[in-house]
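Student: Copying in the features that TrEMBL gives for the protein in this structure:
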- 12-260: domain 'Glutamyl/glutaminyl-tRNA synthetase class Ib catalytic' (DOMAIN)
- 15-25: motif ''HIGH' region' (MOTIF)
- Cys103, Cys105, Tyr124, Cys128: Zn(2+) binding site (BINDING)
- 245-249: motif ''KMSKS' region' (MOTIF)
- Lys248: ATP binding site (BINDING)
Amino acid sequence: MPEVSATIGAGRYAPSPSGDLHLGNLRTALLAWLFARASGRRFLIRIEDLDRARDAGSAERQLDDLERLGLDWDEDPVRQTARIDAYERAIARLEEQGLVYACTCTRRDILAAPTAPHAPPGAYPGICRDRTPTERAAAAQAIAPRMPALRLRVPEGTEAPVFTDRVLGEVHGDVDDLVLRRGDGTIAYNLAVVVDDAEQGVTQVVRGDDLAPSTPRQILLQRLLDLPTPEYAHVPLVLGPTGARLAKRDGAVTFAELRAQRFTDAGVRALLGRSLGLAAAGEAVTTTQLLGRFDPDTLPREPWTWRPNRSV
Ligand code: GLU
């Protein structure tokens, strides 16, 4: 096993505590751990609990599941709700550069606005971007007591960052005037993740490939905040029997449900190991054994489909 090195930084898994981890989340967590450990990195867990719709107790259950899976981590997990000051400092840095503006738009305002030619689909159409201070004050007054959101003013002429993903290869995406802080005061995911990864010394981000389209925005924020860009590996999702992304409607999919119905902890680990081509059917494997067999270059590139009724 490679020696843990302080200089090449850390990998991480960053679940949102909105419910129990299902096979897809567990597989991504295992991959994040394998990628980090195989490269000699430290491994961290971050609880992304900024969203108000969180499920009390689910962070603890998630950590318990990760431990049962056989993962270990090198520091106490960090909770984003304990780090609001760091996000506000980053917003202040952007503000000093004239890169933040208040936005009073509702979703409906955005949908109703004409889209600029060549604007990427779903991009913010810039309604509030060029308001004068007087217009801005009037717009804020008009939505009170609701508060304006804060958006990033993407500098004119900015090219969307292109990055080379360990799994997907070259990824192109779009950037727009993304939200930094929502009208209800919640810090936006894209900002929090960039600030946290940098401060935690994360040099490798492994996560589901549904998040690949957010990455150019995050790289832009890193550049504007003078923060390093980590290596990225966006890994395939797990699909349910209908071919759609695995979800609760697919029956027993969380660790607790699988444990209650048919698997031991080691059985879930074996199943995931097998899905990655790292274990034989029913083989009892430890995470250390999986690590010994893991090669990022031979990782299956297609989504894995979970069929609850097949034998494993
Ligand atoms: N918290 C995000 C999720 O659970 C993952 C964010 C990330 O890994 O950057 O989908």
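Positions of Cβ are set from backbone N, Cα and C atoms, glycine also.
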Student: For the motif ''KMSKS' region' (245-249), what are the same-chain contacts with Cβ under 8 Å, counting residues 6+ beyond its ends?
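Tutor: Beyond its ends, the motif ''KMSKS' region' (245-249) has Cβ neighbours at 19, 22-24, 210, 237-239, 306.
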Student: Within the same chain, and leaving aside Cys103, Cys105, Tyr124, Cys128, name every residue whose CB is within 8 angstroms of the centroid of the CB atoms belonging to the recorded Zn(2+) site, in sequence order.
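Tutor: Everything else in range on the chain: Tyr101, Thr104, Asp109, Ile110, Pro125, Gly126, Ile127, Arg129, Ala149, Arg151, Asp177.
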Student: Quick one: what's DSSP say for the residue listed as 'ATP binding site', helix, strand or coil?
Tutor: helix
Student: Let me spell it out: for each of the binding-site residues (Cys103, Cys105, Cys128), count the other Cβ atoms within 10 Å of that residue's Cβ, using every protein chain shown. Which one has the most?
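Tutor: When each Cβ's neighbours within 10 Å are tallied, Cys103 tops the list.
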Student: May I ask for the distance between Tyr124 (Zn(2+) binding site) and Lys248 (ATP binding site), taken between their Cα atoms and rounded to an integer number of Å?
Tutor: 32
Student: Can you tell me how far the Cα of Cys103 (Zn(2+) binding site) sits from the Cα of Lys248 (ATP binding site), in Å?
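Tutor: Distance (Cα to Cα, whole Å): 35 Å.
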Student: Pull the DSSP breakdown for the motif ''HIGH' region' (15-25) and write it out as helix, strand, coil residue counts.
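Tutor: Secondary-structure breakdown of the motif ''HIGH' region' (15-25): 3 helix, 1 strand, 7 coil.
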Student: Taking the Cβ of each of the binding-site residues and counting other Cβ atoms inside 10 Å, which one has the highest number: Tyr124, Lys248?
Tutor: Tyr124
Student: At the level of the C-alpha atoms, what whole-angstrom distance separates Cys128 (Zn(2+) binding site) and the residue listed as 'ATP binding site'?
Tutor: 39
Student: Please classify the secondary structure at Cys128 (Zn(2+) binding site) using three-state DSSP.
Tutor: coil
Student: Which whole-number mean pLDDT does the model give the motif ''HIGH' region' (15-25)?
Tutor: 94
Student: Measure from the CA atom of Lys248 (ATP binding site) to the CA atom of Cys105 (Zn(2+) binding site) and give the result in Å, rounded to a whole number.
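Tutor: Between the Cα atoms of Cys105 (Zn(2+) binding site) and Lys248 (ATP binding site), the distance comes to 33 Å.
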